[in-house]
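Q: Okay, here's the structure, questions in a sec.
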Amino acid sequence: MLFTVSLWFDSGLFLVISLLFQGTLVITDYYLDWHYMWSVVVAQPITMVIQIIQSLGYIALLYWAWPYIQHSFIAYALRCVGKMALTTYLLQSIIGTTLFQRMGLFNQFTLLQLMLFVMAIWGINIIFAVTWLRYFSQGPIEWLWRHSSTGLAKRF
């Protein structure tokens, strides 16, 4: 019990520290009008270090919460997306390229509006992955990859 309490505390601590630092950097960026020298030379290296701390916090939080969420639909959906990782990556790349490059929507939205696009694309990925894996054991690109590599291995 102490281990999980300690882990929860550590993950919360990691997340609070990293979010405070990142929030400070974003606010500073905003007030400096996203000046190149500040954003790239100073803020970017600090952000890279902060992202490591934040990732450790998310890993610890997931490790702590996993016994409680492992049988939920969210965990099942994420497992489906993970099982079809290459397919869903290509699907979101195709959707993003089509929307923002081919349809001319690049640089037309605010960051908040783009987050809605992210949620919609993730929703499409999750629905596609869950539906596909009801009928097949792996994603279409994963199937193609496995069969082409198996066929190539048989030749040698």
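Cβ atoms here come from the backbone N, Cα and C positions, even for glycine.
So TrEMBL has the following annotated:
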- 14-148: domain 'DUF418' (DOMAIN)
- 12-32: transmembrane segment (TRANSMEM)
- 38-66: transmembrane segment (TRANSMEM)
- 73-91: transmembrane segment (TRANSMEM)
- 111-136: transmembrane segment (TRANSMEM)
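Give me the lay of the land around each of these features.
A: Per-residue pLDDT, averaged across the domain 'DUF418' (14-148), gives 91.
Only residues 6 or more beyond the boundaries of the transmembrane segment (73-91), in the same chain, are considered here, and those with a CB under 8 A from a CB of the stretch are 124-126, 128-130, 132-133, 138-142, 145.
Long-range Cβ contacts of the transmembrane segment (111-136) within its own chain (Cβ-Cβ under 8 Å, at least 6 residues beyond either end) map to 76-77, 80-81, 83-84, 87-88, 91-92, 95-96, 99, 143.
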Q: With DSSP, how much of the domain 'DUF418' (14-148) is helix, how much strand and how much coil, in residues?
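A: Tallying H, G and I as helix, E and B as strand, the rest coil: 115 helix, 0 strand, 20 coil.
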